[in-house]
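Reading through the structure tokens given below for one structure.
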């Protein structure tokens, strides 16, 4: 079994990773650098506390920041992480008398002793306390929970602020009707201008406070929405990237649609509709004040409230099915758009624009039809609510006149009651729209929960320190059938490939060659049989380490928008210029890059659209070689190259023997197959021939002659 070291020398930005590796080793936690990096945002400085805490979490360690003088830390919390004034972390491990022991993982684990005074002048007034799950206390925080509700709980203080602001705003809302009532009942009859001035100043202050609180509430709500957007969308995207392609619900397009659904959830929890829902809680305040001012007149809005609620929720019955159909239609429309634009060259070459236009128009018409139905019921509920509000106003004024005639209330009280009833029912005016948005958010949440329920191939924490060492491959009874198919793509395949061996994998189209490569690299999971790398089941390897050791080049590799250098180093961001030059040389692409005016800084269009098929394959091969895997599975690596380019690539690939890496060539090209000393023939998912290239070619030739003789 091979293990990566717990700490290696790294540059400044890797100091956090080195520190996390040291603590993982200290706590006997599995660790490999590649597995940890796979769980961190690419290109981030690992010295940053938030990135360092994620690196520690990948080792099953929990961290929390405290603001404290470094010499005042409780020794029971050791080892703890401190930060020097340049932000580089180091570890304080023990206290012996008046001396403290520190370890600097960024300097190859340099250990030294310092006095408390020296430590105080060396480190900032902040520390990161690290515990294992077994040591965790309530101060460290609960384990990760639901993908959505946990971030919502993390913002609970912000929600408390919103509720407090809502209470204050609703209490301030009483100022205007009370002001109007006093003006009509006391100021006007007595011409009490001093009282009027005092009341006007008071209500003006209330209006100003109301404006300030509403502005603060909107800002807090926006901050919550921003946090949810950044945090949860990162979680969703990370989970989607952690799925095997075959496990994605609805494929890549379906998963992309699910991620888009999060916008509906975020808009609901960050919108004024939610504010209106919160204001519903405070309707009782206005009804109570109404009862105190005008007595039985409060019954009018009190009776209207359940009627408005019944109307709003009754409209949700037909609206619910309409919302589901609207989302399905919108998803179909999105899929048509992505497929048409992604395959635009194919669409144009086949003159298939009318077909795609028809698909788009049909999807758009269906979306408009069902969306119109849902909007109809939403508008019906909103208009009905408005009519009820107007009816309440009519009822209060009409009944109020009789109460004035009986001397039970004043004119000012009637006017105040009308204002108060409008304020009490205002949140209900938006209830239909709120419930409508809640329907969309609920269905989007259900779709996203289905996505998050799919088990990713990689856990949040590193569970194995294994790394691919020599690169010996062994399969035993390997069988895989694609979902929806009844025929096994790979059927009971057993083989053994030694380090440094070059093997040609040949066979007809659909014989299972590509599937075998995906199984070896962990992109697919076998239903039966096992794959052993260096004698270990590939399930024991962390996916990042497995693909670090097993390089898979698909038939149709992809390049991404960016420079040539960015594409080459996307899987090896710390590659040196010499390593890049070597990879380009072994792939036969050094000459091509040398002819480019901007060299490695040449911009590559979307999906490598600026390159020919052969150039794209060659650069993808260089990108794979740059990672220096111990096993390379190349699936038709030269099928888009001309003969001269293929010959050059074939000659250069032989240089991989120097690394002792196993090379598996899945090909139909005789020139590339000639590079192999061993040949395996696949047919209908089974291994039918396996031996030296000369023996296998002889057998195939003899079989061909036999068939030819039988035909004649």
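Glycine residues also receive a Cβ, built from the backbone N, Cα and C atoms like all the rest.
Note that TrEMBL annotation is computational and uncurated.
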| Stated TrEMBL location of transmembrane segment, expressed as one of 76-98, 99-121, 122-144, 191-213 | 191-213
| said: In TrEMBL, one of 42-64, 157-179, 226-248 is tagged transmembrane segment. Which stretch would that be? | reply: 157-179
| said: Under 8 Å between C-beta atoms and at least six residues away from its ends: which parts of the chain pack against the transmembrane segment (157-179)? | reply: 199-200, 202-203, 206-207, 209-210, 213-214, 216-217, 220-221, 223-224, 275, 278-279, 281-282, 285-286, 289, 415-417, 419-420, 423
| So what's near the transmembrane segment (274-294) in sequence-distant terms, Cβ-Cβ under 8 Å and 6+ beyond its ends? | 162-163, 166-167, 170-171, 173-174, 181, 217, 221, 268, 301-302, 305, 400, 403, 409, 413-414, 416-417, 420-421, 423-428, 430-431, 434
| said: Below 8 angstroms Cβ to Cβ, which residues of this chain, lying six or more residues outside the transmembrane segment (300-324), approach it? | reply: 283, 286-287, 290, 370-371, 373-374, 377-378, 380-381, 384-385, 388-389, 391-392, 395-396, 399, 421, 424-425, 428, 431-432, 435-436, 439-440, 443
| Per-residue pLDDT averaged over the domain 'ABC transporter' (473-709), given as an integer | 88
| Mind checking which residues reach the transmembrane segment (191-213)? Cβ under 8 Å, same chain, six or more beyond either end. | 165, 168-169, 172-173, 175-176, 179, 182-183
